[in-house]
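*Asks:* Let me give you the structure first, and then I'll get to my questions.
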Amino acid sequence: MEEELAIEDLPRLTGTVSLNNGLLHSIYNETTVFKILRWSLVEIPKYILKLMSKNLEINLNVSSILIITLLIAAGILVIVRYKFLTGYSEDIKKGGSNANTKALGQQSTNYPKSTSSGLFVEKSKDKKPSNYLDEFLMAIKVFGYLDKQVFHELTKSMTTQKLSRDEVMCLDEKIGFLIVVEGTAQVYTKVTKKSNRNKYDELGQNGRDEGEEADEDDEEEEKEVGDDGDDEMDVEAMRNRGNGTKNGKMHGLDTDNFEENDDFLKLGEQNYQLLNEVKSGAALSSLISTLDLFKPLKSESTLTPLDSMGSGVSLNLDYLDRAGARLKALENDSDADTRDSTYPDIIVRPKKKKHSDTITVAIIPQSAFERVQMKYPKSTSHIVTMVLTRLYKVTMTTIHNYLGLTGEIFKLEIELNKSCELGLPRYLVDGLIERLSQGGSNERKQQAKHFRRSPLERTQSRYVLLNSRVKSNNPGDLLSSVPISRDDPKLRVNKSSAPTLVDGSNRINFTDNIEETEENSLRIAIIENIFKIVGINEAQNLPHEQAPFRSLNSSANSSSIALNSPGYFSPNLPATTGRHHNVLKFSSNDSLMNTISLSQLKSQKTHSISRGSTTQKQLYKRRNPITEMNIKDAFAKVMELKYIEPNTTVVQQNSVFCGLYYVINGSLEVHYKQAETYSKSATSKHVYTVGAGGIAGYMSCVVGFRSLVSIKTPKKTGAVVAYIAKNDYNQLLDKFYFLQLPMATKLKSLLSKQVMTIDYALEWCHIPAGNVLCSQGDLANGFHVVLSGRFRVVRKEKRKGSNRDEVKVLGEYGHGESIGEVEVLTASRRSNSLIAVRDSETARIPRTLFEILSFQNPSIMVKVSRLVASKVLSSEKTLSQATHSFITSSSNESFISADYKTITILPTVSGLPVRDFADKLVHSLKAIGRNVIALDQALTLTHLGRHAFDESLVRLKLSGYFAYLEEEYETVVYICDTPVQSNWTSTCISQGDCVLLLADADDQYTASSVGEYEQLLIKMKTTARTDLCLIHQEKFVVSGSTSRWLKNRMWVQGHHHIQMYIERNNETIGPGKKSFINEMAAKFVQNKSLISKFEEARSKALSWRREEQLKDLTLGSHKSDFLRLARILSNEAVGLVLGGGGSRGISHVGVVTALERHGIPVDLIGGTSIGSFVGGLYAKDYNIVSIYGRAKKFSKRVSSVWRMIFDLTYPVTSYITGYEFNRGIWKVFGFTEIEDFWIKYFCNSTNITNSTMDIHESGYAWRFIRASMSLAGLLPPIAFKGCMLLDGGYLDNLPVMEMKRRGAKHIFAVDVGSVDDRTPMDYGDTLSGFWVVFNKWNPFSKHPNVPNMMDIQLRLAYVASVNALEEAKRTPGVYYLRPPIDNYATLDFGKFDEIYQVGLGYADKLFTEWENKKQLPEIAGFVKRDGMQNGGERIKMYRRNTM
């Protein structure tokens, strides 16, 4: 029991013990707290009081105090010096990526250009279409942009023909239009007897003789150029070309071995030579042959159109089916002439390939073209326009400008006048001469007397009153009271054999009056003669609206006009009978079905039976058809009668403003002056004479060619002519479009066989922007003549020490230049790649055509040889300059002609003053002597006129219009003044050789983003040069603001700073209390009449202000930003190059001051060493006042002795640290970047890491100017991206060649370097130092100037610079200046004013002397071009000096 109690009491005891322990622990903790409180409140204050009550003494002497003070001051200086005064070096950490430079040869520069070039070189070529339809669609583009109905009409009767390798096809273009849809066709032309075998043997020697290379070529595949580019010959043909000429014998001329050489073919006894190769997707027929397919109707009745289509149209392939029989018959023929005439002129056979040796030809038959002519006559005129456009742009341009066969074009007009010499009745001519003779002596002194008949002033009398009664061909006095016959009895044609345009039964009076005057008859007779000459002399040449097809002409583009139709004008023939005759008459021989809508015929037949002749009258009244007399009336209205005095030039050579001249009396002489000798001293040669009844200016009007000749009157006699202006002539042809076909047909009949051959073989290549014309390494089988557009020459080279290829831009080809003759004549591969900068067109001359023409006309070979020789000489000159140059520059800048033909002005965002900018730029271009035109959407629509909304013609008209403007004007400015979605915006971008991208410099949002116009620019992938034009309100650039624009714009290659006022919209302030002024403004806004008056007054004031600004633009200041931009864009830029020379470079400030005083503009600035400093100051502000002050401030800081002493360091790398020098430059330039400079600027430095000369055009200005001024030993090199940069003067102390690469035409080069000591030395083979020291102090020594070690090191360092200076002096266009500053040392910065006055006095005196002697360069916009040679005075320009 007790045990249980004891166990129960155990927890109680345990709880008591734990309670006691807790109590003790709490007491202990309270004791610790008390201890802490006692120490903090009692002990520590007691100890502090005890310590403070003691006395502490420190004994220091004065030296110790000074030392401690100096140490403290040194520490503070070190902290301030390296912590707070090195802010200019923070750009390495902050903007290291921003400071991109063209330095560092290891790193690629000019990123956008290299990237774009490489992209288009590496781009895979577009795949060719693989089916017949795609090939056909490619070839049908030669007709232009056809309507859907016309396209279906041409294609629904199309057939195909397959040809194997052992078959030969006679190319008879009368059967239809032929297109190669599969394979490659070889076209051969007949070799005449004049071209003997010896000549062809000589041709074969130009081939390749390397057997190994030919064997390698045999294994390669055929290369093709995309997008109608250079159709290269395959490798087998190139091998045969070289190997087929062994032992002086052409295999192609051997009957047994003709297949071994594709260049020649023997068919029976007739030899053929390869003319061209036509690949799939190209037309086999000539485009001009289409004119023969629109065959005029030969039936006697104009209401039977199906008669002309009755004969079946079949493919004439006699040389395929009956080749053996024909060849056998020809072999037995002994007459060579008969044999030559029997063989076809052109034959076609497939080209042998590895996979297939057959071709498939699609044939559009002649009947299809006849149906198109009948149903859609307007579309027929579109095709004729395309034919004439190609004839002018490709054939005639190439013949005249490149081949030099201008005589063939002259023969055309001579044959025209010989074939039709149509005179006028003598009584009409005598009456006109008598009226002209009564004009009076005062009027006769004028150049020409115009007799243009006003539409209202038709006649002065209702009866004919003849002024001439002499020898009238019409006897009797009744002539004075009856209408005059306009037919000369001598020139009348038998109407039964050939129906003329004027039918006697249907003659309608010319005027609105009942009777005609003598002048009216004269005009009608002249027009009739002109029509007969140009081919409009038969009724079948005009369109006839036929009854069966009239209902089909529902399209707006196919409204045919009825001329001379008996249904309208012949009352003798019932219309109903004619219709029934037409409907029921079909041809049984039609091999190609002619479809007609039966429902339309049935309804028309019922309609005609019910209405009868009444319908004809209603149709006549409603449609008011055009008659032949209306046409003659229209031409007669625009015709002028002129009397031209003797020895008067009517049309100047190369003039566009010409017309058609019909000689009434007297004669006109045609003179020609060759292009090579076209100058004021050259004399023109008389070509032929146009007598009475002939016409002059035919080619200019019909084809659209500019006048190739000068038209003059004889020295002793004048001429009476009828004149139709070219513009009036073209407008009338557009109105009466059906006249184009007969006129074009007449033109084709006049072309010689040689011209037809050239037209057939020439290729019209269209290369879209960014596509490759020919690639590097391709076989050269033809050369190109640039018709329009621009091509960039790119070469791909392997970079040293890297597997990557480096793309180098070599130059650009523009309008009128030729490409690829050297490779063709040397039978080599393409050495470069050609990329289309914009949509371009070329005329490709195949190698085979060139060889044929060269044997027929040796003058062509001579001319092309001269052209090739000049190109080779220019390339050798460039190569020699590169070989003799001792400088390896890391700059990738190669000279590309900036003479841009087309300039596009494109805004970044909407709302920018594009129109004002364009007006000022165009005015500046005109001020520098450029023939320029500004083209906007309104002007383009005005030119297109009624064709503006015709999709089938608008592109052809636009391309022809743009090509015409490029030929007529030196520069065409495209103004993009439309929204982004507009077609005109895309047209402007695609047409520009150079795109000027306008941007508001203060627009921070657009600077960091991409504008909507820029997005379109990127989307179109244009390769044209793009320059950013930053528009500033004031002539000031915020530091670092330009790089913000350029950082993310890889597509921008350059930039310009332009000062121009921009109107900004006032920002609206928040709502507030309405004032009296606001209420009045609100009332004013509601009054529309006041608003209209205000806008009218405002527009007048703004226009007046704009005119005043444009007038004062060039004369007001030689520092005009628009003049500077115009000179840069026109290769007329003025460059200023300032050389290095230490303190002697202060004279640069004086030279710049003299330039300002004489009003000489500066567009580009470059410099070395101290020249980079002064040039940078001038480029930054373009103000001489600020330059003088800042240069003097820098000189004072550098010449401070104490600053240099404190900057001294232990001379391991240099004597001074460079801190004071760096800070002195930074104090002047601050954080300004080179991109912020107002004028384009560059400086050079010597990269001792890569052993190159680096060119700096971007980055912080102070850093690279300091690098260019880093004299070795005195200053440490500037470290930039791992490379050490020193003074640029070690390699080129006067970088003139670098300025030349940037397109500067006139360069003022100022040299202030030390004179190179070239005293001869002869001190033997050994040299004692003691002897050198003795000779320096010996006044009688012959060798006092023996160099020491430092002199030798300096001379060694400047070896390259000395040679570069001598090369710069010999460079054309460089004006070398050297002020007399040899007496000043390199570090004489303390003599600032003295050196400045030396440079100012020298330059001012020199420029004044040049002005007096007329030796100053003819700077564009500064010197009147026409006044310089005639003693014209220089334009005086003044300026207000401001900071």
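Cβ coordinates come from backbone N, Cα and C, glycine included.
Bear in mind that the values here come from a model prediction, so they are computed numbers and not experimental data.
This is the feature table in Swiss-Prot:
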- ASP1287: active site, proton acceptor (ACT_SITE)
- 619-750: nucleoside 3',5'-cyclic phosphate 1 binding site (BINDING)
- 746-871: nucleoside 3',5'-cyclic phosphate 2 binding site (BINDING)
- 103-118: compositional bias 'Polar residues' (COMPBIAS)
- 1136-1300: domain 'PNPLA' (DOMAIN)
- 103-122: region 'Disordered' (REGION)
- 199-251: region 'Disordered' (REGION)
- 1140-1145: motif 'GXGXXG' (MOTIF)
- 1167-1171: motif 'GXSXG' (MOTIF)
- 1-59: topological domain 'Lumenal' (TOPO_DOM)
- 81-1443: topological domain 'Cytoplasmic' (TOPO_DOM)
*Asks:* If you measure ASP778 (nucleoside 3',5'-cyclic phosphate 2 binding site) to GLY704 (nucleoside 3',5'-cyclic phosphate 1 binding site) at Cα, how many Å is it?
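*Replies:* If we compare the Cα positions of ASP778 (nucleoside 3',5'-cyclic phosphate 2 binding site) and GLY704 (nucleoside 3',5'-cyclic phosphate 1 binding site), the gap is 36 Å.
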*Asks:* Under 8 Å Cβ-Cβ from GLY704 (nucleoside 3',5'-cyclic phosphate 1 binding site), six or more apart in the same chain: what's there?
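*Replies:* The answer is LEU388, THR389, TYR392, ASN730, GLY960, TYR964.
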*Asks:* Can you tell me the CA-to-CA distance separating LEU810 (nucleoside 3',5'-cyclic phosphate 2 binding site) and ALA636 (nucleoside 3',5'-cyclic phosphate 1 binding site), as a whole number of Å?
*Replies:* 56
*Asks:* Using the alpha carbons only, what distance in Å do you get between LEU762 (nucleoside 3',5'-cyclic phosphate 2 binding site) and VAL687 (nucleoside 3',5'-cyclic phosphate 1 binding site) once rounded?
*Replies:* 27
*Asks:* Count, for each of the recorded positions ASP778, ASP1287, the other C-beta atoms lying within 10 angstroms of its own C-beta, and report the residue with the smallest count.
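*Replies:* It is ASP778 that, of the recorded positions ASP778, ASP1287, has the fewest other Cβ atoms within 10 Å.
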*Asks:* Rounded to a whole number, how many Å is the Cα of VAL721 (nucleoside 3',5'-cyclic phosphate 1 binding site) away from the Cα of LYS746 (nucleoside 3',5'-cyclic phosphate 2 binding site)?
*Replies:* 23
*Asks:* Give me the CA-CA distance between GLN653 (nucleoside 3',5'-cyclic phosphate 1 binding site) and VAL794 (nucleoside 3',5'-cyclic phosphate 2 binding site), in Å, as a whole number.
*Replies:* 37
*Asks:* Do you know which of the binding-site residues GLN653, THR826, THR842 has the most other C-beta atoms within 10 angstroms of its C-beta?
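*Replies:* When each Cβ's neighbours within 10 Å are tallied, THR842 leads.
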*Asks:* Report, as a single number, how many Cβ atoms besides its own are within 10 Å of the Cβ of VAL687 (nucleoside 3',5'-cyclic phosphate 1 binding site).
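*Replies:* For VAL687 (nucleoside 3',5'-cyclic phosphate 1 binding site), the 10 Å Cβ neighbour count is 17.
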*Asks:* What are the helix, strand and coil residue counts for the motif 'GXGXXG' (1140-1145) according to DSSP?
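*Replies:* Its residues divide into 4 helix, 0 strand, 2 coil.
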*Asks:* What does DSSP give as the helix, strand and coil breakdown of the motif 'GXSXG' (1167-1171)?
*Replies:* 2 helix, 1 strand, 2 coil
*Asks:* Would you count the other CB atoms within 10 A of the CB of LEU810 (nucleoside 3',5'-cyclic phosphate 2 binding site), including those on all shown protein chains?
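*Replies:* Taking all protein chains shown, LEU810 (nucleoside 3',5'-cyclic phosphate 2 binding site) has 16 Cβ neighbours within 10 Å.
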*Asks:* Would you kindly give the Cα-Cα distance separating VAL794 (nucleoside 3',5'-cyclic phosphate 2 binding site) and ASP1287 (active site, proton acceptor), rounded to the nearest Å?
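*Replies:* Between the Cα atoms of ASP1287 (active site, proton acceptor) and VAL794 (nucleoside 3',5'-cyclic phosphate 2 binding site), the distance comes to 33 Å.
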*Asks:* So what's the mean pLDDT when you look at the motif 'GXSXG' (1167-1171)?
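*Replies:* Mean pLDDT across the motif 'GXSXG' (1167-1171) comes out at 94.
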*Asks:* Would you mind checking how many other C-beta atoms are within 10 angstroms of the C-beta on LYS746 (nucleoside 3',5'-cyclic phosphate 2 binding site)?
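*Replies:* The Cβ of LYS746 (nucleoside 3',5'-cyclic phosphate 2 binding site) has 22 Cβ neighbours within 10 Å.
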*Asks:* Distance between VAL794 (nucleoside 3',5'-cyclic phosphate 2 binding site) and ALA636 (nucleoside 3',5'-cyclic phosphate 1 binding site) at the Cα atoms, whole Å?
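*Replies:* So the Cα of ALA636 (nucleoside 3',5'-cyclic phosphate 1 binding site) lies 56 Å away from that of VAL794 (nucleoside 3',5'-cyclic phosphate 2 binding site).
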*Asks:* Considering the binding-site residues ALA636, VAL721, LEU762, VAL794, PRO858, which residue's Cβ sits among the greatest number of other Cβ atoms within 10 Å?
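*Replies:* In terms of Cβ crowding, the pick is VAL721.
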*Asks:* So among ALA636, VAL687, PHE738, all listed as binding-site residues, which is physically nearest to THR826 (nucleoside 3',5'-cyclic phosphate 2 binding site)? Use the C-alpha atoms.
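*Replies:* Comparing Cα positions, the closest of these binding-site residues turns out to be VAL687.
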*Asks:* Measure from the CA atom of PRO858 (nucleoside 3',5'-cyclic phosphate 2 binding site) to the CA atom of ALA636 (nucleoside 3',5'-cyclic phosphate 1 binding site) and give the result in Å, rounded to a whole number.
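*Replies:* Distance (Cα to Cα, whole Å): 46 Å.
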*Asks:* When the Cα of PHE738 (nucleoside 3',5'-cyclic phosphate 1 binding site) is compared with the Cα of each of the binding-site residues LYS746, THR842, PRO858, which one is closest?
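*Replies:* Of all the candidates listed, LYS746 is nearest in space.
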*Asks:* Please report how many Å separate the Cα atom of VAL687 (nucleoside 3',5'-cyclic phosphate 1 binding site) from that of PRO858 (nucleoside 3',5'-cyclic phosphate 2 binding site), as a whole number.
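*Replies:* Taking the Cα atoms only, VAL687 (nucleoside 3',5'-cyclic phosphate 1 binding site) lies 21 Å from PRO858 (nucleoside 3',5'-cyclic phosphate 2 binding site).
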